[in-house]
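Okay, structure first, notes after.
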Amino acid sequence: MTHDNKLQVEAIKRGTVIDHIPAHVGFKLLTLFKLTETDQRITIGLNLPSGELGRKDLIKIENTFLTDEQVNQLALYAPQATVNRIDEYEVVGKSRPSLPSRIEKVLVCPNSNCISRSEPVDSGFAVKQRNDEILLKCKYCEKEFTHHVVLAD
């Protein structure tokens, strides 16, 4: 909200608000998680001012609620995100993503020789955290990549 208490992105009556997405990541989330494959209204705020992040993106999806699995997959892209469940314009639930042990059907293996690149199979990665690095291991070629390499693909 601005200092004069006006919403910069319209409130929703019922649905999900993904807040505190790092700036320039909102569109990637919409694409990867196929959030646009719905008839429900989606409102996006890009490069909004944020005291915590400087700038942030925001996604509001009406009449749609994310599963725990979907929320946790956000941890790769937006570890500081807040996912709010809205009902009658009020926040009725709030969660933060935690790193999942696996990510299925979302990412593409960066190994050009991986069978998942040429065959009609769903991708899958085991997720590990080592120090400050997040590593993803492809279930097909078994190669391990830093999450930055997989996300850039």
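Keep in mind that glycine also has a Cβ here, set from the backbone N, Cα and C atoms.
TrEMBL has this to say about the protein:
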- 7-96: domain 'Aspartate carbamoyltransferase regulatory subunit N-terminal' (DOMAIN)
- 102-148: domain 'Aspartate carbamoyltransferase regulatory subunit C-terminal' (DOMAIN)
- CYS109, CYS114, CYS138, CYS141: Zn(2+) binding site (BINDING)
**Q.** binding-site residues listed as CYS109, CYS138, CYS141, least Cβ neighbours within 10 Å
**A.** CYS141
Q | Averaged pLDDT, computed only over the residues in the domain 'Aspartate carbamoyltransferase regulatory subunit N-terminal' (7-96) | A | 90
Q. What is the number of residues in the domain 'Aspartate carbamoyltransferase regulatory subunit C-terminal' (102-148) that are helix, strand and coil, as DSSP sees it?
A. 5 helix, 19 strand, 23 coil
Q) Excluding CYS109, CYS114, CYS138, CYS141 themselves, which residues in that chain have a Cβ inside 8 Å of the centre of the Cβ atoms defining the Zn(2+) site? A) PRO110, ASN111, ASN113, ILE115, SER116, ARG117, SER123, LYS139, TYR140, GLU142, LYS143
Q) Could you count the residues of the domain 'Aspartate carbamoyltransferase regulatory subunit N-terminal' (7-96) that DSSP puts in helix, in strand and in coil? A) 16 helix, 39 strand, 35 coil
